[in-house]
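These notes are about the structure you will find just below.
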């Protein structure tokens, strides 16, 4: 009986290691997400300087699919390592008010940028190239867009290919 209680206590103590952390904005936070000024030109330069690819992830408070990705897919060691080692990820809030500056210089709130770009689902990951023309917008140059939640295999494939 004491062995069972000891094992249960160890499991309960380890739970915070597996739990995804929610920020004040209600969005999940990971150690591979970057807190930036959301100027995409600056973010692209920083990503390139680190030898990483820029990826944008749109999420929203209360999103059950975001919850699934952050609890079941992103924590998998092979996926977390792939993202952390190869991507500069900037999180955007589908309903947020923080200003985002697109590659073409236009500055809008996160929610208005999401509308402009046609983002309809969360999570949505937008993979961007290493070079972007001055007059281009993020969706015009996106290498790929991953709208919605996917299983671990598909997610790993998307982050491996792009």
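Cβ from N, Cα, C; glycine included.
What TrEMBL says about this protein:
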DOMAIN    48-131  domain 'Thioredoxin-like fold'
SIGNAL    1-19  signal peptide
(message) Return the average pLDDT for the domain 'Thioredoxin-like fold' (48-131) as a whole number.
(response) 98
(request) Using DSSP, tally how many residues of the domain 'Thioredoxin-like fold' (48-131) sit in helix, strand and coil. (result) 30 helix, 24 strand, 30 coil
